[in-house]
Amino acid sequence: MTTRKYFGTDGIRGRVGQFPITPEFMLKLGWAAGMAFRKMGACRILVGKDTRISGYMFESALEAGLSAAGADVLLLGPMPTPAIAYLTRTFHAEAGIVISASHNPHYDNGIKFFSGQGTKLPDEIEMMIEELLDAPMTVAESENLGKVSRINDAAGRYIEFCKSSVPTSTDFAGLKVVIDCAHGATYKVAPNVFRELGAQVVVLSAQPDGLNINKNCGSTHMEALQAAVVAEHADMGIGFDGDGDRVLMVDHTGTIVDGDELLYIIARDLHERGRLQGGVVGTLMSNLGLELALAEQSIPFVRANVGDRYVIAELLERNWQIGGENSGHIVCFQHATTGDAIIASLQVILALRRSGISLAEARLKLRKCPQILINVRFAGSGVDPVSHPSVQQACARVTEQMAGRGRVLLRKSGTEPLVRVMVEGEDETQVRSYAEELAKLVAEVCA
């Protein structure tokens, strides 16, 4: 298998100003992508972004590179990542480019691509782009340069798409919901989707200034949303991340409902209505309780590697519809081609309205096993802590001691310099002790 030089598990991501997240690299990346897609014929490429300040700089650089390669460019402005996937497909473009670092702070940014079908870019095209990145840059003749235009009604198109996932006979009258937009890409569209469906909406963190994206808000910092739901006597809260591809929710008591629980609510509703195609795809990090609860409903469950691209690949291979991660990436293939936070939250609300129960009651139908996750910073000392013999021996010993009633998982993050240590089992005190023991050992090996 060819080793990627630039692309990670979810595109290219890093600190702004540090290679490869620089204007110079983005110019070359735009050109390389344009050349790769031009090999398939004339092409149009959509470009969208989240709200971080560096997005404007990188948008200009990509636009110039794409045009230099002879590719036409359609600029969407700040839009959720799944909206860019949807619009790439409906505009019959050859590709879509997202400028975003998702849930990361404002000082990070990144690039990911969608194919013309609104799916993650095939590996062979990524490799073609990588090869072109190392080639000398050329510029098309003036008459062949790409044209650049802006799509002014992109938000309205996506709002209507989201609403189309809700039956026309259904509205959200009587529902009070608090939405936290993380000062990110959903800040315009999400409140309007829920308002137009009839809900009473209280909006948090929808004043982006380029620097406040994900800052103490959104799906990675749920405290303000939890407090607001209780203070407003709302039925629920919905927390999006900065680019709108992951969602967590809060029930009326202020309790967080994570991705595993949301996935179970959607899957159970589909199963009870005879609409579930196949089973459910989770990840190595999915709670054991999800697997057991689905088994009680005779719903098949498989685990993919961590990352929504692996969940999507597993769904495609099995021709299943529903998958996701406990972090809140939820894929509903019956409606969208990628993880879509707004679509997922709408499907949860529809499931609750059909069943006549609250989010708090639905959450309790999934009995989660205690799961402790500790992130250990990995500075890249040259030693792989995950495969280190002493770490492997300790993991084997802990697994044996749990006697089939728990799991141990160590993995390196695909987007950050972290080793994630996860231990799961029936006894929380025991699980925490094991996790802390393993995390300490990993830290020592990393040092």
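Please read every residue number as a count from 1 along the shown chain.
Even glycines carry a Cβ here, placed using N, Cα and C.
What you see is a predicted model, and the numbers here were worked out from it, not measured in a lab.
Feature list (source: Swiss-Prot):
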ACT_SITE  Ser102  active site, phosphoserine intermediate
BINDING   Ser102, Asp241, Asp243, Asp245  Mg(2+) binding site
MOD_RES   Ser102  phosphoserine
Assigned element (helix, strand, coil) containing Ser102 (active site, phosphoserine intermediate), judged by DSSP: coil
Cβ-centroid neighbours of Mg(2+) site Ser102, Asp241, Asp243, Asp245, 8 Å, sequence order: Asp50, Pro80, Thr81, Ser100, His103, Gly184, Ala185, Phe240, Gly242, Gly244, Arg246, Ala341
Those residues of the chain, 6+ apart, with a Cβ under 8 Å from that of Asp241 (Mg(2+) binding site): Ser102, His103, Ala182, Gly184, Asn214, Gly218, Ser219, Thr220, Val247, Gly328, Ala341
